Each structure stands twice: as C-alpha cells, then as structure tokens.
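Here's the structure, in structure tokens; my notes come after.
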Amino acid sequence: MPSDTPHDPAHRPGEGPGRHPAAAAPAAPPRRTFMGEMKDALSLRALILVTGVLVLQLGFILSYIGAFHAPKPHHIRSGVVAPARISARLTAELNALPGTPFRAQAVPTEAQARRMILHRDLDAAVVVNPLNGKDRLLVASAAGPSVSTVTTQIAQRIEVGRNRQITVVDLRAPNPQDGRGLSSFYLVVGWMVGGYLAGSILGIAGGARPATLQRTFVRLGALVPYAIASGLGGALIAGTVLGALPGHFGALFGIGTLLVFAAAATTVALQVALDLAGIGLVILVFVVLGNPSAGGAYPSSLLPPFWRDIGPWLPPGAGTTAVRNTVYFTGHHTTGPLWVLGVYAAGGIIVSVVCSAFVVRRRQKKALAAGAAAPAAA
C-alpha cells in the first residue's frame, strides 16, 4: 500500500525526525611558512632592540679593554724637595721624560710635600738628600696602589742611573681589610647598580613614561627612601660589617644616598625622554663608559686620554673620588665630586618633570584630536 508521506528527494535513509546530518569536520588551518613564523616572532622593534644590545655589548668590550689593556702614566702630580739648584734641574728632567709621565713642581720643604700629598694636591714627592746618595720617595698608595707602583718603578730607574738609592715612604696605605684600595670603587659600583636598576624597574612596572605628571612626582618620591636605604646598607656593609672602610659611617651614608638617587633620577629622566631606549643610554653612560673611567682599577693618571677626561664628570668616577678621599684623606678634594652628583640628581628631577609634562600634553592633544575626528567620521 503506498505511503501517504510525500517523497522527499533530499531525504536519505536513516534520517528522520530528530536526526541531523553529521557536522562537517573543521578545516585544518593553513600551514604557515618559515618566513611567516619568523616575521611574527621577530618584529622590527625586536630587531632594533637586539641590535642595540649588540652595540652595547661591543661597546662594553671596547671600553673596558681600551681603558685597561695598556696603562701608561701621564702627568702624575709630583713634587721635588731639594736645594734650589738641584730642584730646578731635577724638576726639568722629570717633566722632559718621554711620554710626560710626571708633572713635577718644586716644593720648599718635606713637611709641605707631605701635606700636599695628604691633601691630594700631589700624588708623590721625591726628597733629595744632597749630603749622601740616599733619597726618599713619598707616596700615598690609598689613592691608588697602581700609581704608587708605577711612580716607584720610574723613580728607581732614574736613581740607579744617577748612582743613588731611594727609599719608598707610604704616607697613607689602604686599610688592612681594603685589599689594594678597591673597596671604595666596588662600594660605588654597588650603589650605582642599585640606583639605575631601581629607576629601570619602576619604568618597566609602570610604563617608561608615566601617564600623568603626578605619577612622575610619585615615582621620583619613591626613589628617596630607596636611596636612603641603599646608602645606609652600603655604609653598614663596607664599614661596620666588613671593616673595609671604617670610621666614616655618616659621611658614607650621605654620599651613598646622594649617589643612588642621582643614578635613579637620571634613569627615570632618560626613560621619560627616550622611552625604552633611555635604559640603553643609562647602561652606556654609567656602565660602559662610567666604570672603566672611574679610577678604581687604575686612577685617571694611568688611563688613556678619553677615559681620563670623562671620568670625573660621570657618577661612578665622582662617587669613587668622594668615597676614597673621605675615608683616607679627611675629605679633601670632595667638593667637586659632590657637586657632580648633585647636578645629576637635580638634573634628573628637572628633566623628568619637563619631559613628562611634554609627553602628557601631547597625549591630551592627540586624544582631543581623535575625539573631534570621531563625529565627523560618523
């Protein structure tokens, strides 16, 4: 008997009410080429950043080896204590040596020569005894043992050529716990690292360029207690805990606080001005250029001209001189280095605020322009 159900040509056996055709399998994603994957993984911005890192790396190698691979004495400040006739001749001979290792001057008395060395107006002085063949060389190895060593070697060669003997008198040697007088430099390096890392981390966590001017002030303000804690910790470790730089806790605390804030504020300023590239510039100035020229391993009189010239004007060099002269030379010749650190601290604040105000204002102008363009587009 024929069915009353009309024939449906689209009907297939096994399909009925409540049944649905099997869902089609999803299409497999197209296979990506190697070049496509590489373009996604390595953006132009990433390539630029990696190139910047390579430049910093090669600069680090060039700067450190360039500064230290062949130290030569240059204009070591030296005094000559002798009768007028001998003093004039010996001073001229020292100043005429090939390569100008000395910048010699006549000094009337041994007492004055000692005072000038301890006040950091001289690095060394030779005291000539005209009555016999025995002279004395006054040095202060706490200012840099390498300078004292080089000065002694040259003086001994000169004295042998003149058939005389020379005895070295070290007026101020490093503390027993301060091996080769390098603790001042390493303390400053530690403070510097903490300063620019703190400034960098604040930028990475909250954006290199703060969204408002108020946030810039907050960021700079947050660096103050950090700098205080860093200065306190460094002074305690170097002086009280390890005994490398004892007896000057208050002064080291103050220098460390100023140095850390100067490094951190400068880092914030460069980030606000240059965005992420500011961190690279900080590393270039403070690490690549600043550390080799600081006078730690080799004082400035043994460095090549470029590093010798820039060292006093960068925070690592200014900080090392301030710490070393405070600990060993009763604070003589520390005013200039402290001014340098103060300029970096104040300059960091000013540049941060000015650049932040400029960036915020530019963002506001862009937002207003975008808001005005939206109704027109609608």
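Don't overthink the numbers, they just go from 1 along the chain as shown.
Glycine is treated like the rest: Cβ placed from N, Cα and C.
According to TrEMBL, the feature compositional bias 'Basic and acidic residues' maps to 1-18.
The region 'Disordered' annotation in TrEMBL covers 1-28.
Residues or ranges marked as compositional bias 'Low complexity' by TrEMBL: 19-28.
Listed by sequence, the residues of this chain that lie at least six past the ends of the transmembrane segment (42-65) yet keep a Cβ under 8 A from its Cβ atoms are 276-277, 280, 283-284, 287-289, 291-292, 307. Under the heading transmembrane segment, TrEMBL lists 42-65 (among others).
Tertiary proximity for the transmembrane segment (185-208) is limited to same-chain residues at least six positions away from its ends with a CB under 8 Å from its CB atoms, namely 215, 219, 222-223, 226-227, 230-231, 234, 238, 245, 252, 256, 259-268, 271-272, 275-276, 278-279, 282-283, 286, 290-291, 294-297, 315-316, 319-320, 323-324. The annotation transmembrane segment is assigned in TrEMBL to 185-208 (among others).
Summarising the annotation, TrEMBL assigns transmembrane segment to 220-245 (among others). Same-chain residues lying 6 or more positions outside the transmembrane segment (220-245) and placing a CB less than 8 Å from one of its CB atoms are 175, 177-178, 183-184, 187, 190-191, 194-195, 198-199, 202, 252-261, 264-265, 268, 323, 327, 348-349, 352.
Annotation comment: TrEMBL describes 251-270 (among others) as transmembrane segment.
Residues or ranges marked as transmembrane segment in TrEMBL: 277-298 (among others).
Among the features that TrEMBL reports, transmembrane segment is placed at 338-360 (among others).
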